[in-house]
Amino acid sequence: MATPRGQTVWFGNEFPNDDLKDLFRRLHQHSKDRRFRLLSVFLDESTAILKEEVANLPQQLQELVPHFDTACTLPEVDFRQGPLGAAMESALLTILELGMLIGNYEAEDIEWDLDPSQTILAGLSIGIIAGAAVALSSSLADVAKVGAESVRVSFRLGVYVADISTKLEAPQSDGTLQSWAHVVTGMSHEAVQEELSQFNAVTQNPEITKVFVSAADKTSVSVTGPPSRIKAAFQHSPSLRYSKSLPLPVYDGLCHAPHLYSQDDIEIVINSAKSVIPTSRPVRLPLISSQTGKPFEAKTAGELFLEIGTELLTGTIYLDNVTAGILEHVKLKEPTGNYQIISFRMSQVLNGIQAAIETDFPALGRARRDLVSWVHGDYGARRPSSYAASKLAIVGMACRLPGGANDPELFWELLEQGRDTLTTVPPDRFDLNTHYDPTGKTENATQTPFGNFIDRPGYFDAGFFNMSPREAEQTDPMHRLALVTAYEAMEMAGLVPGRTPSTRPNRIGTFYGQASDDWRELNASQNISTYAVPGGERAFANGRINYFFKFSGPSYNIDTACSSGLAAVQAACSALWAGEADTVIAGGLNIITDPDNYAGLGNGHFLSKTGQCKVWDKDADGYCRADGIGSVVIKRLEDAEADNDNILAVVLGARTNHSAEAVSITHPHAGAQKANYRQVLHQAGVNPLDVSYVELHGTGTQAGDAVESESVSDVFAPSMPRRRPDQRLYLGAVKSNIGHGEAAAGIASLLKALLVYQKNMIPKHIGIKTEINPIIPKDLDRRHVGLAMSNTPWPRPAGKKRLAVVNSFGAHGGNTTVLLEDAPERVKVSTQDDRTTHPVVISAKSKKSLQANIEKLLSWLDQNPDADLADLSYTLCARRMHHSMRFGAAASDIAALQKTLRSWLDSPKASTELRAIPNDAPSVVLTFTGQGAYYSGMGRELFAEFSYFRTQVLQLDQIAQRLGFPSVVPVIDGSIDDGPASPILTQLSVVVLEIALARFWSHLGIRISAVVGHSLGEYAAFAVAGVISAADALYLVGRRAQLTEERCTQGSHSMLSVRASEDDIEELIAGSPDTAEIAYEVCCRNTPQDTVIGGTKESIDRIRQALEANSIKCTQLDVPFAFHTAQMDPILDSLETLATPIAFKAPSIPVLSPLLGSVVFDRKSIHAQYLRRATREAVDFVAAIEAAQDFGLVDAKTIWIDVGPHPICAGLVRGIDSSASVISSCRRNEDNLATMSKSLVTLHLAGLTPCWAEYFRPREREYSLLKLPTYSWNETDYWIPYIGTWTLDKALLKYGEKKAPLSLAMSRPSALRTSLVHQITAETVEATTATLHVLSDMQHPDFLEALHGHRMNNCGVATSSIWSDMAFTVGEYLYRRLVPQVKDVHMNLSDFEVLHAQVALEKKGSVQPLVLKAHLDLSTSSMSLTWFNASAETGECAAESFATGVVRFEDPAAWTREWDRLSHLVLGRIEALEQRAAEGKASKLSKPLAYALFKNVVDYADRYRGMDQVVLHEHEAVAEVTLVAERHGTWHTPPHWIDSVSHLAGLVMNGSDASNTRDYFYVTPGCSSFRLLNPLKAGGKYRSYVRMFPLLEEANMYAGDVYILQGEQIVGMVGQIRFRRVPRLLMDRFFSPAAASHAEKQLQETAPSATSVKKSTPPAAEAPASVPALLSNPVAIPFPAASKSEVSTPPLTPPSQQESPGESAVITPATSDRGDPVDAGVVGQCLQVMARETGLEVDALTPDASFVQLGIDSLMSLVLSEKFRAELGIEIKSSLFLECPTIGEMTAWLEEYC
């Protein structure tokens, strides 16, 4: 159709028939897109005008208007109701029509086409006001501005009309709307007027309330007046009563009433408020009056609005006149042209006008343009007009949730399987046996035992997060797991800080919800330490994340009770919408440990006493508490798409409000919840019926379920309009599965919703255990809404997006709601990937983690054999944070990668030789090759793949061409054949390639430390170093090549590479008569054994023959000229002349000069004459490299990058230094990208992390971010158990009661009780693991008797046989708990270690508790054991264990096979000993004599004296043993029996004449294993044999195996029992009651810990007596590797610290991993203090370890400074830890100044 020659724009007085709410929602949505900037401006201006007008209303009217952020949300309420109905309707109609017009132009991208000569505007009633805005505009931007004034006038007119009209007739009391106008058809205007006049006269109707005609045309008449008067008029007049009439939707008053309004009224409406536009603004387009049918005569805006106001208030509408006016406009145009009507849908009036046009102008072409239909169009991804207009993308998530849901996939498995994670409170939280009272009579006790708990809450990788063990232990576990899940969520998101603009660290913020402080208030408060505040205060939860990752965006910790987690997400979203951050990490945190909170919530009737949250169940009786940690990563959607992220779901809106009107602060309120839903829906412009899934808050309380079911159903599934059957709304409640995570509840709900999107399934609801709660609305099914009672598919409709809502409500009254939709459908770009080789890098912060990461990846590859190697490379390189322990490879396919990974894992050297990258990145030197490496296509793949490299080449090529030289691009991209080329092309292409390569390396993030060029390569090196410009370099190279071609003869001279030194060549040539006179020149000294010589071709050929005759390898160089020889003389003057005008500058990068044999830093060394000399003189590459070494610019770690077509210089560097690290940029006959991949991996492994983002940028849209396994944490358990019952005891204080001292006799009965094991305090049994904590009192009569059966220095000292019996007792108990059907349990007590022996207290009636902790894992068939002293007051464990061991559950058949192979050897030695005794060569000792010798060190009680006779020779002995018949207590294996069969080794060491027993005594620090084939029998007869020998690797230490025999069979063995030689003068110190506590205190302050995990300890003065592990019992505990101390000399305590000889402490020097003692001077003492205070081993304090890596922060620096002063008398400032950032620098300072 031809272009219209005329057009009418029609502004009607009625809304289109479309869903009005939907129209405004869509307007709102489009306004957020920057493609609709003017629409957004118009709506913002209109909203502002309306807010201003509402604010000017009387208070009672203001209160009728709901809050609105945009006028587009006002239609969501019934705006026609109330006194402001007319005003709202008028304003909204104006907004809709103008908004639709503006949006139409922007959507279709139409130029402003309303030409005044071709266009006329027309409309009715309020529509004319909208038309006025267009009439006053000359552009679309004008409409957006002027339109706001039209909105103002419309609103004011409506307010005024309603105000006047209500004075004429009051509204209906029930709110029913009544029409003020009826339309009559079939009667003429005159007939209707006559009937009305008669009615008004007869009824004496006052003038102001009369019924009158407001509009008329040929077929209809509008009758207007007060509703009751209209009704009366129709009843009065039979003609009217029986006419065809209909009420019009005019509900708010009278217009078109000249008898009612005057000019003053019009002035009040139009001019009483300041116009938003100048009143003088000219009228641009004709606007037809609905009264006259002619254009308004007004010339300005002020006049126009007055005329319109006059017409609307006092004028009658004559539609015939309007039609005539439009027909007149049509008539003036081409009668046979085209005419267009532009309107907002069609109406009856418009149909009539169009019919009139068709009748009068039948030949006229007609067109229609609808201004509404565009709003339903899809214009692709939104381009937000502002931050606030953005949708948000959730791109990563991680969790630790109950039931082992330690990652999202495990969480989904739990949901999909419908599992319930309910359990009772684990013993590691608190003891239910003491803290649970269902009757509620015990104060501070919980009335419910139930909860939902995460696995291993204390486990944490402290080293990864640069925290010392001491700091980690004091840090709240939820803070630790916030760090961990934040990292894992970032891993899933592929978030590498700084990779993209949206991930800059200063634009990343953290928001976490937390509502309790259990750890700070309970666990950590048992021993408040340095890290109490940063470890426990809430703000540090997310502050620590910001600090560790160096995020400087906002950091908020939010407490809104149960909704804290989702409120934190909402706050994070608000920060994104406000532009305060570009990426946020948000979540919720809850770890339960404190029974006080259980008691408080129970007493507040929040908690269920019967178990899990029973959401919507009729028996719902409260919620069940739960742990939970969750983190999500959120960005703006456009940023996520730009960053190539995987989008889990999109956030459309999020809001929080408060239930202010609830009946109590903790009671929910349906009205507040509904208001919040509507705010979120309004924010997003979403129809609530389009939401198909709601994740309920759903706590399972009667009040909560009732209120939420009401609010959700009323908003999302109202009775009217009702959902269609295909619009079913599904509901879910995750608390039915995992309980109520309180501060983490909201984030758990969000994670579930995200998984529902990912899995396209709604998991079944398991909360209804009996039947649905009758308080739930009964008609839900009719409304098509309900819980998903089975796993329900939730497919994504084609081309559409699913909407979901997540609720979370706080007990304090807060309501948070988040609205989600599907991620945009992503179509992966599919093109041919030219990269045949891909880099793959994996990293970790520890060797263990790296190995596990590789194993995880291998497993993932096995499960995903179709994985794309390119995607894997992209994910691991560009989308991962990289750490210090690294693996890397370049692979061509998945199979090759798998082979490489397995090979690395299988290699014994892989782990032992693995080293962390250095803290300081190695230096990088670029070596620029000469022209000898030229070939066509030498940069082909790089040129094709990388736009940056290509741009550099093209720019340099353009310079070269402008200098008059040929293009080098064909050489680089390989578009010319490889073959001979001119020197100009050859040399220019090499230099262009090298400059481009150097810049490309910098582009990839490689920082260059120095450059060196070889021959021609020097020009490229100078350009890269900034000595000369790139243009100058190309000019000089090109002109030099031209001069060479012009003045030198090709082929007359040649160059020869000789594998020999310059001196060797000279000697060989001069020494032969045939060659002595031949002239040649040295061109290059490449390496000490690689020299290039040059000369005439004839001379060089003869020399080559002579050298090869002497077996010297020679290679003829393929060059046309002999550079650096006399052949270059003809060009030297001209070259110098050409270079003289060039500006030579000081290098920005040091230049290694082969000419000068030095490093150039200044601007004077390189000049025109330098280039002359460099052309003529030899290239001394060796001298350049050696100069760099002398200057310290390069070292053994330096990386040398060969920048050239082929790695020639790399080979030269290796020839000079065989250990040098060299890599290539390009390599002949190898794909550039394969070469680059290998080189980048090498750089990465060396500690130079490339900018992987740039490497992958060219094809990023083709790659997908893979969901790979998460990081493998190197975890340690940092759990501080709550000891005792003090949360209960404090309740007694108000009664004046005090807690009695710890007494095991008062404790409840225990399931396991023996003479040594007295009370189980904690027990957890799962499928394959079990944990047990037992409490024992060494003052218990049986225990005390066992101690006094082994006396040293008149003290009862615990023998290792005591610990052996405890180990076997606990081991068999736990094993049978897991494997109840087992018949016999065979145990090997192995790796037994001890730090401090236990000495019995002498004070009668005292308590001396100890704690044994055991953890059995069936997967390893082992059980770990740790013994602790405990406080006599509280039962709290000491800071460090005094003994550890491992019980291994083994096959006795294997023992028998082992011992059978050895028995003949043992029996042979026994026979030899007995023969020696018979010969008088060995001592034969009776029982009294043997134990008399033993008494030299230890005095055994009678029951321990089982050896009947002993044959002893030097350090070898055999004993006949008879066990006493009595067990003397309840044991697994009585300690006195164990000692009897094994303490022969102690007699050998302390009774043999081969030992120096006068000056020393010998004690055992332990053994490697202890096994008994069968239980020892009362009265049983055995033989023991042992041979002790000195350990060469450890001075003063002896070891041996004790064999236990019955008859000829070995039935037991103590493997590698060790004895240490100790000066006898220390006997009193270690084994006396008075000194025991003092020695313990001293050793706790100086000795290294047996474990890096230090537990809280009571004050030292209250510690139980214990001494170092210097025991004589045969089965004791060896020192750990870090504590192989030899106490053979008096203490090395500084005199200033010695109080008296009798009180001097023994300082046990720690040893390094090589077994060498750590320096016992100041440095050693300082290291000991540092190890003790941080909880680290001394071995960890290596010289290269940094304080940051060790977790020594500013707070710990202050502590250490104070400890150095107080204990060592050393005054240092805490700032020293900043000035000396590593251990090595610190120790160097101490050695220098202390």
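Backbone N, Cα and C atoms are what each Cβ position is placed from, and that goes for glycine too.
Feature list (source: Swiss-Prot):
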- CYS562: active site, for beta-ketoacyl synthase activity (ACT_SITE)
- HIS697: active site, for beta-ketoacyl synthase activity (ACT_SITE)
- HIS740: active site, for beta-ketoacyl synthase activity (ACT_SITE)
- HIS1350: active site, proton acceptor (ACT_SITE)
- ASP1539: active site, proton donor (ACT_SITE)
- 428-440: compositional bias 'Basic and acidic residues' (COMPBIAS)
- 1644-1655: compositional bias 'Polar residues' (COMPBIAS)
- 1685-1701: compositional bias 'Polar residues' (COMPBIAS)
- 389-822: domain 'Ketosynthase family 3 (KS3)' (DOMAIN)
- 1318-1628: domain 'PKS/mFAS DH' (DOMAIN)
- 19-256: region 'N-terminal acylcarrier protein transacylase domain (SAT)' (REGION)
- 928-1249: region 'Malonyl-CoA:ACP transacylase (MAT) domain' (REGION)
- 1318-1454: region 'N-terminal hotdog fold' (REGION)
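Between the active-site residues HIS740, HIS1350, the minimum number of other C-beta atoms within 10 Å of a residue's C-beta occurs at HIS1350. HIS697 (active site, for beta-ketoacyl synthase activity): 31 other CB atoms within 10 A of its CB, across all protein chains.
The predicted model assigns the domain 'Ketosynthase family 3 (KS3)' (389-822) a mean pLDDT of 95.
Just so you know, the Cβ of ASP1539 (active site, proton donor) picks up 31 other Cβ atoms within 10 Å once every protein chain is counted. CYS562 (active site, for beta-ketoacyl synthase activity) counts 30 other C-beta atoms within 10 Å of its own C-beta, drawing on all protein chains shown. The DSSP secondary structure for the residue listed as 'active site, proton acceptor' is strand.
If you take the CA of HIS697 (active site, for beta-ketoacyl synthase activity) and look 10 A around it, the active-site residues you hit from HIS740, HIS1350, ASP1539 are HIS740. Close to CYS562 (active site, for beta-ketoacyl synthase activity), meaning Cα to Cα within 10 A, are the following active-site residues out of HIS740, HIS1350, ASP1539: HIS740. On a Cα basis, the residue listed as 'active site, proton donor' lies 54 Å away from HIS740 (active site, for beta-ketoacyl synthase activity). HIS740 (active site, for beta-ketoacyl synthase activity) falls within a strand segment according to DSSP. Each residue contributes its Cα atom, and for ASP1539 (active site, proton donor) and the residue listed as 'active site, proton acceptor' those atoms are 10 Å apart.
Here the region 'N-terminal hotdog fold' (1318-1454) has, by DSSP, the following mix of helix, strand and coil residues: 30 helix, 60 strand, 47 coil.
A helical conformation is recorded for ASP1539 (active site, proton donor) in the three-state DSSP classification. Counting residues per DSSP class in helix, strand and coil order gives 4 helix, 1 strand, 8 coil for the compositional bias 'Basic and acidic residues' (428-440).
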